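See below for the structure under consideration.
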Amino acid sequence: MIEHIPQWMMLLFVFFYASVITSFLCLAVDRLPHQLKWREEPDENLTIYSPPSHCNECKTKIRWWGLIPIIGYLLCKGKCLNCNVKILIVYPLSELCCSLTCVIIFWKIQDFQTSLILCSIFLCLFFLSFIDIREQWLPACVTIPLFWSGLVFSYFAEPESKILGACTGFFIMYLSMKIVSHMKKDDVVAGGDIALSCAAGAWLGIDEVMIFLLISSVIFLLYSIPYRFKGTVFVPMGPALSVGFFICLLRVI
C-alpha cells in the first residue's frame, strides 16, 4: 500500500509528522526535568502533557494556530502575542532541521522500514543532545529503551555481535571515565553517557562500536575547546555520542 503513495506526498507527510514530533520533543526538554524532579526547585504542576502550552513569562495559553510547527512561530512573529516576550528561535529551527533531515533520509534510502528506524533513532538522539546541552543530563527513560530496542530489533548486526557491541561500549566508556576521574581527582563518571554508548553498541554491533567511540571522541574533543576557553567545568558528551552513533548507523545500512 505504501508503495502506491506518490513520493512527494510521502515526503510531505514525513516533513509534517517529523515537525510535530520535534515540537513535542522540544516541549519535553523544557518540562521533563520538572516532571522527574531533576531541577532543584521543580514546578510540580508541570508535566509533558499538562498544562497546555503557554508563554513561560505571562502564562498566557498559546492559541491553536501558534502551536503549528514552524508556521506558528511565523504567525506569532517570534513573540508572545500577549506580553511580547521573544520566543527562542531554536525551537522553529529545530523543527525545520529535524524535518528536513527526516525527509532526506526517506528520499535517499527509499526503503520504508529502514528509513523509519533511522528517523526514529535520529529524533531520539536529537532529544538526548538537546536535553544534555540544556540540563547536563541524559534521561534513562530514553537511553534504556534505546538500548533494549537495539538488542531486540536491530538487523544491522547479528545477535552475538549486538551483545558484544553493547558490552564493549559499556566497558570502554566506563574505564575511560574512571581513568579521567583518577587523573582529575574528581568523579566524571556519567551514567547517561555510558547507557548511550551501550545503546549504540547494541544497534551497531561489535564491528562498528569501536569506530563509533573513535568518531565520538574526536567530535567531543573538537567542540569542547570553546567550553575550555570559557572555563566551563562540565562539557556535555551526549551530542558527540549522538553524532557518532548516527554517522555509524549511516555506514551500516
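Yeah, the Cβs are placed from backbone N, Cα and C, and that goes for glycine too.
Those TrEMBL annotations? Automatic predictions, nothing curated.
Under the heading transmembrane segment, TrEMBL lists 6-29, 87-106, 112-130, 137-157, 163-181, 202-225, 231-252. For 18-108, the entry in TrEMBL reads domain 'Prepilin peptidase A24 N-terminal'. Annotation comment: TrEMBL describes 120-225 as domain 'Prepilin type IV endopeptidase peptidase'.
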Outside the transmembrane segment (163-181), six or more residues from its ends: residues with CB under 8 Å to it:
147, 150-151, 157, 187-190, 193-194, 197-210, 212-213
For a three-state summary based on DSSP, what are the helix, strand and coil counts in the domain 'Prepilin type IV endopeptidase peptidase' (120-225)?
90 helix, 0 strand, 16 coil
Using Cβ atoms and a strict cutoff of less than 8 Å, what residues sit near the transmembrane segment (137-157) while being 6 or more residues removed from its termini?
32-33, 36, 38, 117, 121, 124, 127-128, 131, 163, 165-166, 190-193, 195-196, 198-208, 238, 249, 252-253
Six or more residues out from either end of the transmembrane segment (231-252), which same-chain residues have a Cβ under 8 Å from its Cβ atoms?
118, 121-122, 125-126, 128-129, 131-133, 136, 138, 156-157, 190, 192-193, 196-197, 199-200, 203-205, 208, 211-217, 219-220, 223-224
Grab the pLDDT values for the domain 'Prepilin peptidase A24 N-terminal' (18-108) and give me their mean, rounded.
90
